[in-house]
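Asker: Okay, handing you the structure first.
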């Protein structure tokens, strides 16, 4: 019989525990009853669609303020600014007033923002770029016993921002957040800015702002604007919160500007390479041009694709690209001058004057053995070696008569009889009378005037011949005189022997003339080839000077055009 009473005893124990629980927490339930009653009393007969004004013609004043937390991104390509901010709205709703003494001194209550239990202004971000347009979080509304309603919805706001990239990356941008009622005009809802006590003018609250690493926020004023539209006679009030941003340029300076500037300076080093190294010189200039084009591509990806303005950095890189292209073209021209062949191209006199006289004189270039005087370039002639020296007055040297049969034929110089102790040719042969005093000298030139060969191609040919040509002319006259003298002595053995020597030396003279003509031709060819090389060197030096001036002007123009520098 006792086992049958066990379930009943268990139920009694559970009921006892529940009674103890309710008795213990009875005070807690009694405390929330006043708040529940307050909610029921306020919401009874409350219509959330009606404006909280006593009369329809009354204007509802709504105050707002923006608390900026952080600038997340400023997209230059799409011209959109993305910020993290809190919005604060304050308005009065007379239907939400109560006496705290009737509700256990409760002075504030909360309403769920997502359930739309009370009236809320339809204020939106006019220049919103979000996909859902209103990206704020629907937080709770805080209602005080005086009827004041505070609503602070946070959110990540994306707004369109018109950007001026003229001075990129030294630019200043002005972005704004424009708020206003979407359906109410100014006679129904007056939107204004919350004024702090310590503020002289309206602005964004920056007390909790986290500075950005890319942008420096210089100031953030707020302005209320009342506009009358052509469609309606009622005014529409809006509130605009501006953000004046200045770009920090340290990143662009060390990652884009300085590398590109160093690459452009390396363009000047290309003109220091010798002109005969064709492949390396052109390859070097082409590599620099491709490097600058790479930086141009990076800059174009950073800037928005607009045709309204050209960024300063883009103009700088375009100038560097143009300079590099011009330097490459000049390099090809220099190599063209360097490898021109004398047999195929004749140097024009004007070209000679420009590239071998004027430009070297202007650039202070010195050519070994060449000096410039009165816009003429002359080269110091080599000293001619004379094979003749002063001797006796006779035509032919007087050798001691050897025992030799002159009737025999002479096949070569080896069969000629020589003295037992032959003297050097300079001692045996008489020197041909030569000019030792130059009568065309000027006052101050001295008695002996050095012979110089003019390099300038002019119509007035120099009348004075070289020392070598004069010596050959005199030698011909001397040989002719010796032949005439030998003919007068036909019957003498001495005359026959002299004629053989003269004939032998005349053959030597003919061979020397042939060799001299060939050497003169080769020397002229080398002189002309060196002229082309020196013209290429002068053009290379001129290009170095011009490219240096262009790069300095480009850099100076960029520095002077920069409105500010904010690291």
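The backbone N, Cα and C atoms fix where each Cβ goes, and this holds for glycine too.
Source: prediction; values computed, not measured.
So TrEMBL has the following annotated:
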- 35-249: domain 'Neurotransmitter-gated ion-channel ligand-binding' (DOMAIN)
- 256-554: domain 'Neurotransmitter-gated ion-channel transmembrane' (DOMAIN)
- 12-29: transmembrane segment (TRANSMEM)
- 250-276: transmembrane segment (TRANSMEM)
- 282-300: transmembrane segment (TRANSMEM)
- 312-335: transmembrane segment (TRANSMEM)
- 347-365: transmembrane segment (TRANSMEM)
- 542-561: transmembrane segment (TRANSMEM)
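Can you tell me where each of these features sits in the structure?
Answerer: Non-local neighbours of the transmembrane segment (250-276) in the same chain are 169, 214, 284-285, 288, 291-292, 295, 298-299, 313, 316-317, 320, 323-324, 327, 330-331, 334-335, 337-338, 533, 536-537, 540-541, 543-544, 547-548, 551, 555, 567; each lies 6+ residues outside the stretch with a CB under 8 Å from one of its CB atoms.
Beyond the ends of the transmembrane segment (542-561), by six or more residues, the same chain brings 167, 261, 264-265, 267-268, 271-272, 312, 315-316, 319-320, 323, 326-327, 330-331, 334, 359, 363 to within a C-beta distance below 8 angstroms of the stretch.
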Asker: On average, what pLDDT score does this prediction assign to the domain 'Neurotransmitter-gated ion-channel ligand-binding' (35-249)?
Answerer: 90
